[in-house]
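Reading through the structure tokens given below for one structure.
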Protein chains: 2
Amino acid sequence: MRYFLHLAYDGTDYHGWQTQPNAVTVQEELNRRLSQVLRQPVFTLGSGRTDTGVHASHQVAHFEAEMPANLDEATTLYRLNRALPRDIAGYALHPVPPKANARFDAEARTYEYHVRLVPDPFSSRHALYLDRAPDLAAMNTAAALLLGSRDFTSFSKVKGAEKHYVCVVYEAAWHPVPGGLVFRIRANRFVRGMVRLVVGTLLSVGRGRLTPAAFGEILAAQSRVEASGAAPAQGLFLTRVEYPAELVATAVLPSGMPYFANR
Amino acid sequence: MRYFLHLAYDGTDYHGWQTQPNAVTVQEELNRRLSQVLRQPVFTLGSGRTDTGVHASHQVAHFEAEMPANLDEATTLYRLNRALPRDIAGYALHPVPPKANARFDAEARTYEYHVRLVPDPFSSRHALYLDRAPDLAAMNTAAALLLGSRDFTSFSKVKGAEKHYVCVVYEAAWHPVPGGLVFRIRANRFVRGMVRLVVGTLLSVGRGRLTPAAFGEILAAQSRVEASGAAPAQGLFLTRVEYPAELVATAVLPSGMPYFANR
């Protein structure tokens, strides 16, 4: 049987999602604990990678497993959460059709980048602190240039890692929240390093170092050397992965998911 | 001139508030940074100690200093926050009368203990996670026995550390919040280890291991051997320190203080 697992993690202490040699990753930890609970080797495949230090308040992974006779989904999820370290949590587990794929069936992903404008000792692992407020209007003028079908070569980290760099951006804007700002971007896909490079360059606009028009020229240049540096990982959250209705119809809605969608 | 500094800190990486040999404490870090910014040796005295790993969303400390000619309070606070590590933040700085004392003039202190009932990777440093909900009504029946003038010998950590163990408790109750519970206790004073021992023993009531009446007997016994173990430090916050009107009239109201009073 194939399953979708909906989960969240604090990425601070992990070398990102994807299993790799000689590094502790979320996927590796999840595979180990799922294999324990289900008493068989389990290999998950996520909707996409998150980089070192990046968080997810909603990530989805699929896996194949035979549910042991004395287990159901709810008990599996309960035991999984007892087995997992406190910085990873499962929220929903449900069967999907045999060919459902957490990566290729995802129709949209949403990321949020959290900026704090007042010192907050309790969010130092989950936001970027800025001691001067950036120019929100200028950043949103620039962010609007990302909307639609755009080539993100200028905001990609690794050359040649993708077949193409075109992403369809449905939403890209900064929103004021108490004590800070949140940038939310929703697109059909993202290329490696894209959100942190976009945010870093938008913050250059917010600081007055770049005009919104110059931001548009960087995007249009399709050249990786033009963008500002990447914003630090600790402010970035994968917040939502969306699937066609037939894959979510059976889902238990994750309740109490702390950062799900809008924080 | 004497000043009150209002501050907050994430206690996870500190051996509590109070300066001690061979350990990193909040007070020590604060003294060092204040001395840097004000270019003179500064020694703070806090409203009270917090133990290793305990947080404060509102702590108050007083100190003596001559403000350098080119500095005012707002600039000092700004520079202090640039100098401090991200897990400590100053919120307000204001002059007080020469004999004002952050410890002895405090009329009431409030602590909150945060419990999460849904797995939340983002609060693992700031709450206790329980995978079964305790009996809220039973815990509140027991907590009500703490109200008024009571001897807290049964809930004190260190024998002989205090002249007496009588505290006047103005408020003591558990409150449901989204995804969890918060215990709030407000009193004129607290003895060492009191809140964590009270919370640990109330959670025994919540699990059905003790009746509210047995909790009352433990309190009445005035004996330190009766209480349950202390609840873990990571869920505990000092959230408010109250002073007479003449000491707060001049205070800049701390804005954006993230956990101030009710979260």
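Going from the start of the chain as shown, residues are counted 1 onward.
Glycine residues also receive a Cβ, built from the backbone N, Cα and C atoms like all the rest.
Applying DSSP to the domain 'Pseudouridine synthase I TruA alpha/beta' (B:8-105) sorts its residues as follows: 27 helix, 23 strand, 48 coil. The domain 'Pseudouridine synthase I TruA alpha/beta' annotation in TrEMBL covers B:8-105 (among others).
Within 10 Å of the C-beta of B:Asp51 (active site, nucleophile) we count 19 further C-beta atoms, all protein chains included. According to TrEMBL, the active site, nucleophile annotation covers B:Asp51.
Annotation comment: TrEMBL describes B:Tyr111 as substrate binding site. Other C-beta atoms found within 10 angstroms of the C-beta of B:Tyr111 (substrate binding site) number 23, with every protein chain shown included.
Sequence annotations record features per position, and here TrEMBL assigns domain 'Pseudouridine synthase I TruA alpha/beta' to B:142-244 (among others). Within the domain 'Pseudouridine synthase I TruA alpha/beta' (B:142-244), the DSSP-based counts of helix, strand and coil residues read 34 helix, 31 strand, 38 coil.
Taking only the Cα positions, the spacing between B:Asp51 (active site, nucleophile) and B:Tyr111 (substrate binding site) is 13 angstrom.
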